[in-house]
């Protein structure tokens, strides 16, 4: 997976990478940045026509029902940056494209190849917009591309490896460091840092008291939220949930809070801020993520299972309102003995956010709205 990790860093830096699937060689670059110049550069390097790969979520936002996880849209030679942005992540693509342009785009869509799906997986892992500029390498350009690869100027990765980059590697999480850190609501507390094998994400197990004494360990899976946890944002209830969880675990005599690097339900801080802007324009939290090309929840909880395994925890009392977390732990072999609700406060700023989570994502928040009424 070493090449995959390097490819992710190159994409974040705005560089192209080569994805290979047998004889199918495709140059790939992120849409973020100077997309117009990137498309032109890919076309020149590859000798092929550039295309834009869009996720099924983004296609749905464009009014296109996808038959697979993604589709490829061929691009004209002189495609403008505004057109690329409109197709990839604009809230109202019809404005810059016009009705005729949108209809033409829908008609031109092609099925995504394995290299295209691998490109989107890399974009997601890199926390970039999940859309990719791609160009298939022409036979006449293979020798030149091979020379660029040989001198180290272009990184190549196998499509099958890239496609697996979101899955993680069970049992490969590294326990890196730990320290005692007394908290305002939990004096006897240890922070244990775990690092994923590719080095891209770090997660923290906050061990409060002596969890080993509990038949079912009180547990909270908390996804990092810079705006809520640190700054007290009123757009969500994350900060309150975090502090309430620590206090509740302390009151129960000890337990564990897993602080997971999953900002914005797994889309990253940059994309979360983009989603907030879309919400200000009238979309709810789920539709905003879809406009950007993401699903309603991009988080994966295999890392949480690995952390619990490392801590020797197999039975838990889970503090959550999210049934998906319960199901994910169960799939990982963790017995959820009991679910305990964990609420924050409802306010005028987070009402629509929490409503969407309850009504559309199945979060168990009836009590929150009952108190408000």
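The backbone N, Cα and C atoms fix where each Cβ goes, glycine too.
Annotations in TrEMBL come from automatic prediction, not curation.
When 161, 241 are compared with the GTP site residues 220, 221, 222, 223, 224, 263, 264, 265, 285, 320, 325 in TrEMBL, the one appearing in that site is 241.
In terms of C-alpha distance, the listed recorded positions 225, 236, 238, 297, 299 place 225 closest to residue 263 (GTP binding site). Restricting the average to the domain 'GTP cyclohydrolase II' (175-340) gives a pLDDT of 96. Non-local contacts of residue 320 (GTP binding site) by the CB criterion (under 8 A, 6+ apart in sequence, same chain) comprise 220, 221, 326, 339, 340, 342. In sequence order, 223, 289, 296, 297, 298, 299 are the residues of the chain that are 6 or more apart from residue 265 (GTP binding site) and have a CB within less than 8 Å of its CB. Cβ neighbour count for residue 236 (Zn(2+) binding site) (all protein chains, 10 Å cutoff from its Cβ): 22.
Taken residue by residue with DSSP, residue 238 (Zn(2+) binding site) is part of a helix. Summary for the recorded positions 220, 222, 299: the Cβ-based neighbour count within 10 Å is maximal at 220.
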